[in-house]
Amino acid sequence: MSRLVIDPVTRIEGHLRIEAELEGNRVKSAYSSGTMVRGIEIILKGRDPREAWAFAQRICGVCTTVHAFASIRAVEDALKIKVPRNASLIRKLMIGTLFVHDHVVHFYHLHALDWVNPIQALKADPVKTSELAQKLSDYEKSSPSYFKEVQDKIRQQVERKQLGIFSRGYWDHPDYRLPPEANLMAVAHYLDALNWQTKIVQVHTIFGGKNPHPNFVVGGMACPIDLQSDTAINMDKLGRIKSLIDSMIEFVEKVYLPDLIAIASFYKDWFEKGEGVKNFLVLGEPEGDSHREGKFFIPPTFIRDRNLENYEDVDYSKIEEYVTHSYYKYSVGDERGLHPFEGETVLHYTGPEPPYQQLNVEGKYSWLKAPRYRGLPAEVGPLARILALYARDEHGARELVNSYLSKLGLPVNALYSTMGRTLARGIETYIYAHAIRSYYDQLVQNVKSGDSTTFNGEKWEPSTWEKDAKGLGLMEAPRGSLSHWVHIKDGKIANYQAVVPTTWNGSPRDAKGQPSPYEASLVGHELVNPKEPLEIIRTIHSFDPCLACAVHLYSDTEDTIIKIT
Ligand code: NFE
Ligand code: MG
C-alpha cells in the first residue's frame, strides 16, 4: 500500500489536498482536505444585518453574487421583508447569468484540459477541423483560417517553450484520446470562451454596477428603473441585456453542449467511474426570493440511494454539521452533529506541523466541517439538481437527459459518474439560459405595465424589526445548495452560519466514518501512472471545487471564533 498526495489540486478555487491510498495502481481509499482558513463569519457578528451581504459576498470571487443573495434572503426572511417583483426578476437574471458564466468557465478553463490535449492540436488539419466544427453546429467562427490562426498561436508558444496557460499539464499521458482536429476545435473554443465570458458579465455590471461583487440591497435592488432616464435602467440598457442573453443561449447551444457531447463520446467509460455517495440533495432555489412562499424554480429534493421514483421533500431541521475529522471542537463532544442554528465554530488544529508528508486521517484532517442530511453524506450541485428535475419531470429535464444520453447510446444510470456530472452541468446551463430569457420577458412586461419599483424601503428602519429573529436564506449556487443562517438580536447580527456547496461535497469523514462525495468518488480509480494522477483530477474537477467557499472563518489570536446558541 502506498500513499499518493496531490497538493495543491490546481484549476480549482482555493486550497485542496487529496490523499489516496493505492493498492498497486488502484485507489483503495481517498481523503479530501481543505488546507486554508479565512475569516468572514466572525466579521459579521455584531454588525448591521443590512450590510451583511457585502461582507458575505467576499467569501468567494468565483461564485460572485451567490453569498450576497443567500445573505440578503436570510435577512429578508428573518425580518419578513417582501421584495418588489422587478427586484426579484433582476436578481433572477443575475443568478441565471452567473450559472451560464460559471459553468462555461468551468467546462473550458477548469475541466476541459483533463480531456483535451492542446499540444496534440498541432497535428490537426485546420480544413478538417473546420469540417468537424460545421458538422457539430452552425456557430459562425468555424472557418479553416480561424482554426489555423489558433493553431499558429499554440505553435509559437510551444516553439518558444512558453506554454503559458497550457503549461505543466500531463501532455504525454497516454489517456488523452481525442483526434488532433477535436483537440484543436476545443482549444479554439477555450480561447473564444475566455473572451465571451468578459462580455456576458455585463448583465451584472448593468444591474449591479460591477463584477465581481455587484451592489445589492436588502429589500430589493439598488438599480433604479426609469425608461426616460439616461442613467437608470432604460430601454437601451434592457436592449443590451437582451442581446447578451441571446449571446449566452447561442454559446451554450452552438459551442458548449456540442463540444461536451463530442468530447464525452471519446470517454464513454468515464460514465461508469467516479460515482460518489448515491445520495443527492437540493435545498432549493425559490421561484421568488423566499422559500416560505413554497414555490421553487428548483424544488427541495432528497434522493436516497439513487431512488429517483421515491424522492423525498426536504426537512431543513435535519441538516447537521460534524467536526469529528475537522479541525474544530464542539462543546457537546466531537461525535455529535449540530444544526446550523446551534452551530459552534471553535478552532482546534491537531494536525501535523507543516510542512508535513501525510495527513493524520484517523484523527482530524480538514478545515471543512462535514455537513450531513438525516445523518447521510449527500452530493449537491448540477447532478443533484438534474436528478431532482428528472425525478419530478420539470423544466423538460427528462427529455434533455434522454436526448443527450441517447446521442451517446447510454442509459440514465450513466449520470452517476464523473462524465455524468459534467453532462448534468451542461444540461443545467441550457435550462438556466432559457429561464433567463423568460425572466427578461417578465421584467420588460412588468416595467411596461407601469411598475418601476426596485426598492420600497419597507422595514428599512431597525425600529420596525422584531427584537429577536432568525432567518434562512437559500440559494442554489453553481456548485450546489448554499444556505445562510442568521440570528438577529436587538438590530444586530448575533450569529451567522453559512453551509456551503463545497462543504457538502468535499468534506472529510463524519462521526460514523462515512466518506464525502469527493472521497467516495475516487475509490476504484485505476491510475495509468501514479506520478501523473490525471484520473483523480478528472473526477475531482467534475465536482468543480471551491475551497474559499467551503472554509470561511479565521482567528490567529482567539480560540473561540463564534458560538451559536
Ligand atoms: Ni466559491 Fe460557491 C458556488 C458557493 S462553492 S464557488 O457555487 O456557495 O462551495
Ligand atoms: Mg460554515
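Every residue, even glycine, has its Cβ placed from backbone N, Cα and C.
Record features, source TrEMBL:
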| type | residues | note |
| --- | --- | --- |
| BINDING | GLU41, HIS552 | Mg(2+) binding site |
| BINDING | CYS60, CYS63, CYS546 | Ni(2+) binding site |
| BINDING | CYS63, CYS549 | Fe cation binding site |
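Structural mapping of features recorded in TrEMBL.
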residue : record              : DSSP class
GLU41   : Mg(2+) binding site : helix
CYS60   : Ni(2+) binding site : coil
CYS546  : Ni(2+) binding site : strand
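The distance from the Cα of CYS546 (Ni(2+) binding site) to the Cα of GLU41 (Mg(2+) binding site) comes to 17 Å. For the recorded Ni(2+) site, residues CYS60, CYS63, CYS546 set the reference point as the centre of their Cβ atoms, and the other residues of that chain within 8 Å of it by Cβ are GLU13, ILE59, GLY61, VAL62, THR64, VAL66, HIS67, ALA477, PRO478, ARG479, VAL500, THR502, ALA548, CYS549. Contact annotation for binding-site residues (GLU41, CYS63, CYS546, CYS549) versus ligand 1: CYS63, CYS546, CYS549, each with CB under 6 Å from a ligand atom. Among the binding-site residues GLU41, CYS60, CYS63, the ones whose Cα is located within 10 Å of the Cα of CYS549 (Fe cation binding site) are CYS60, CYS63.
For CYS60 (Ni(2+) binding site), the same-chain residues lying six or more positions away in sequence with a CB closer than 8 A to its CB are GLU13, VAL66, HIS67, CYS546, ALA548, CYS549.
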